[in-house]
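Asker: Shown below is the structure under consideration.
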Amino acid sequence: MLRRLGSSRLLSCNLSSGPDHGQELSRETRKVPTKQFQRRWSRGLDSAAYKRWELRKCSDPRSRRALVLSPVCNLILDHFDKQYTEELGPIWPSTRAVLLNPGCWQYGVMLNRFTSVSELKRRLQGHGFTPLLPHPNSPSAVSPAPTPHLPPTPQIHSSQHHLSFTETFPNYADISLPQPNAVISQPYSLDDSLHQLNTGPHPFPSPSLQCFIHPSAVRFPSPPHRQGQLKPYYLLNAASLLPVLALGVKDGDRVLDLCSAPGGKALAIIQAANPALLCCNEVDPHRRDWLAKTLESFIPQSLSSAITVSNQDGRIFGQTEAGMYDKVLVDAPCSNDRSWLFSSGGGEQRGCLRLKERARLPTLQMELLRSALAAVRPGGVVVYSTCTLSRSENQDVVKAVLNTFPGAELDDLEEEVVLPLQQHFTFAPPCRPHALLSPTLLGHTPSCGLLVVPHPGQTWGPMFLSRIKRTH
Ligand SMILES: C[S@@+](CC[C@H](N)C(=O)[O-])C[C@H]1O[C@@H](n2cnc3c(N)ncnc32)[C@H](O)[C@@H]1O
């Protein structure tokens, strides 16, 4: 039974590897001074070095200093109870139980194709991780095992198992990783994945989005920052990959990631394809710096001509770069249900502010989506996503924009996303825009989006995604 009033949870944050839902918590953690920081500070480290060090500490599960007690914000929980009981009905109690229990949250490990991944894959598999996505050439890629929308409810395990870095990589220093700037060649050709380097004209391994997941809440350690080395993997909520899969970026595409920081989806895009251009935009200057650091830590500098980082209000792209892109991702600012539940630092007052902000978000989200639709060329595709369950930030935003943007139409994600991945994710029953008016169209009308709901044993999400095609 979950305690609600006055309940508190041990929360760990993970900024450097950036699971999307750790962002808010990390801010609170940063306020906790530690002896190590004082020692480092007194040794004259500059603030950027401190921040890097602090973020690394924060993400290191061995470091108990990086763990803080953060109580649930009851004001927000009450609000969620009212809204989501109405919107999600019988799904809400199990989703609520997962959201309130960070100890059961699962993490995905996205591999970095610009590093040697064979040894890493062996380690992951040795710890019981399996690939989330079928390998493009394997037979299972075309024949997914069908399972019902809502899986049976397994027990919630409340304790997350953290693998320590040394436990996982006793010889980390021996794993040879390509250096930034390096055009990868012979020194790395010992690794299977890099053999391809010598066979084609492109200097990097073929695009391949690879993510490993564990059936329970086993948390792989974050790779520490090593000067001059690219990071071999990125931890994330595996549902974050769905918008990228829905975007379907192909080699040579011009892609805009309108709201890009901290950069998890931008990294996934660059794993999945070699776009001619990937423009990563972030309006907040601090988060833009964080985004730039993420990209630097994972992507060789020799790719930098294809990747740009910009710092504009995403709402202007529709005017300044109208019709310039083949694909646009709008991973919109939203009320992040996971972290907002624990945002009680600052008391009820902070909860009140959050709820006011939540009411204002749909207007911004609609403006961003309209801008994205104007920035994509006719025939191009926009994916809109959020990490909230809230209908007013999800389906209602998409419907409102579709009603006012001529030449935009919904695209179905059932075959490309739901069917191949429904054994891993729990999707809420679809909401179809015209279902009430015309029930006979049900089978033919694409739903206005997919909603991944956290479920015991499949704790991925919340994640909403909708794909919209620009027809003219
Ligand atoms: C959900 S986060 C994006 C997460 C990111 N796509 C990832 O996968 O790591 C939304 C981001 O949008 C940014 N944002 C908010 N308003 C914006 C605007 N008007 N234009 C561009 N970005 C904005 C926020 O600062 C925030 O970093």
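Positions of Cβ are set from backbone N, Cα and C atoms, glycine also.
Since this is a predicted model, take the numbers as computed values, not measurements.
Features from TrEMBL:
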- CYS387: active site, nucleophile (ACT_SITE)
- CYS259, SER260, ALA261, PRO262, GLY263, GLY264, LYS265, GLU282, ASP313, ASP331: S-adenosyl-L-methionine binding site (BINDING)
- 21-31: compositional bias 'Basic and acidic residues' (COMPBIAS)
- 169-471: domain 'SAM-dependent MTase RsmB/NOP-type' (DOMAIN)
- 14-33: region 'Disordered' (REGION)
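On this model, are these features tucked inside or out on the surface, and what's nearby?
Answerer: When other Cβ atoms within 10 Å of the Cβ of CYS387 (active site, nucleophile) are tallied across all protein chains shown, the result is 24. Taken residue by residue with DSSP, CYS387 (active site, nucleophile) is part of neither helix nor strand, so it is coil.
A 10 Å cutoff on Cβ-Cβ distances gives ALA261 (S-adenosyl-L-methionine binding site) a total of 27 other Cβ atoms nearby, all chains included. A coil conformation is recorded for ALA261 (S-adenosyl-L-methionine binding site) in the three-state DSSP classification, outside any helix or strand.
Here the domain 'SAM-dependent MTase RsmB/NOP-type' (169-471) returns a mean pLDDT of 85 for the predicted model.
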Asker: Among all the protein chains here, how many other CB atoms are within 10 A of the CB of GLY263 (S-adenosyl-L-methionine binding site)?
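Answerer: Around the Cβ of GLY263 (S-adenosyl-L-methionine binding site), 28 other Cβ atoms lie within 10 Å.
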Asker: Please report the three-state DSSP label of ASP313 (S-adenosyl-L-methionine binding site).
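Answerer: The residue in question, ASP313 (S-adenosyl-L-methionine binding site), is coil (DSSP, three-state).
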Asker: Which has the fewest other Cβ atoms within 10 Å: CYS259, LYS265, ASP313, the binding-site residues listed?
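Answerer: If we count Cβ atoms within 10 Å for the binding-site residues CYS259, LYS265, ASP313, the smallest count is at ASP313.
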Asker: If you measure CYS387 (active site, nucleophile) to ASP313 (S-adenosyl-L-methionine binding site) at Cα, how many Å is it?
Answerer: 20
